[in-house]
Amino acid sequence: MESEKKSSHVSDMGAWAMNVVSSVGIIMANKQLMSANGYAFTFATTLTGFHFAVTALVGMVSNATGLSSSKHVPLWELIWFSVVANMSITGMNLSLMLNSVGFYQISKLSMIPVVCIMEWILHNKRYSKEVKMSVVVVVIGVGVCTVTDVKVNAKGFICACVAVLSTSLQQISIGSLQKKYSIGSFELLSKTAPIQACSLLVLGPFCDYYLSGNLLLDYKYSYGAIFFILLSCSLAVFCNVSQYLCIGRFSAVSFQVLGHMKTVCVLTLGWVLFESALTFKNIMGMLVAIAGMVIYSWAVEVEKQTNTKSPHASKNSLTEEELKLLKEGMEKADVEVGQSKA
């Protein structure tokens, strides 16, 4: 039992590490690819379509070679999930364009309480006081180190609401679909990636033209731009797989809370690699966020221990009515045994 627990903890840590490393890596690669000082590839939605196209290709190769198995999931559920996921991607891009960076960060932080409320409504899931307290600490810490100017307008507010709701629903759906159809994270991803790739590659250029005013066909590809596009797509495979893997193993709330470690890593790497400004306020916010993540990990472990202990306690402590029913059942069994012997 102890060896199984150790191996599960190691695999959990591996999933989180893969998600953090690939997510931070893809952010750094995209920053070089899309910034004006880099290669000015301003087609974020189309780039996401490239990501899912490569992920779908990897899934097809894996299924063809027998490395992964394919399980049945109804097509309408895959289409519904893909629509929600694409709304999340498009809504995030529109929110970033129409709102200030400060309000964009606030909308991302609001996903944690929104996920909690949606899980309570959809799955009747409740959280302990310790978990709620740690979530508040994480939100405050990340808010302090990321939120600067806050400007809101009607269109941006609507896009932010759509992005937050669709992203929260998408992350909850990943876990529920895996449990409902007993399907692995990579198998589910290989089924949804082709649908998302096709839709984003068709609609992405139009969305990007609305966002940036640039046409994809007018972009002049250089060897450096092609290299960073391929690097971004490769990292996206690991990022997508690890996201499904983490949500399948834990929950959407845990993915959101511990996912803010990526924000801390991005700020630190931005200071190291790109000489971004890192103020005392940023450092204090990061320390508070890390403390909140530690408290959250502790609170989840405490909640798990109480949940595992409660069923044993209920089994050992029977009520008077249950004892009476048990005695009556034993007496009936003795009578039936006596009659069969006679």
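Numbers run from 1 along the shown chain.
Keep in mind that glycine also has a Cβ here, set from the backbone N, Cα and C atoms.
Copied over from TrEMBL, here are the features:
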DOMAIN    23-297  domain 'Sugar phosphate transporter'
TRANSMEM  41-61  transmembrane segment
TRANSMEM  73-96  transmembrane segment
TRANSMEM  223-241  transmembrane segment
TRANSMEM  253-274  transmembrane segment
TRANSMEM  280-299  transmembrane segment
(request) Using a Cβ distance cut-off of under 8 Å, indicate which of 73-96, 223-241, 280-299 has the most pairs with the transmembrane segment (41-61). (result) 223-241
(message) I'd like to know the mean pLDDT over the domain 'Sugar phosphate transporter' (23-297).
(response) 81
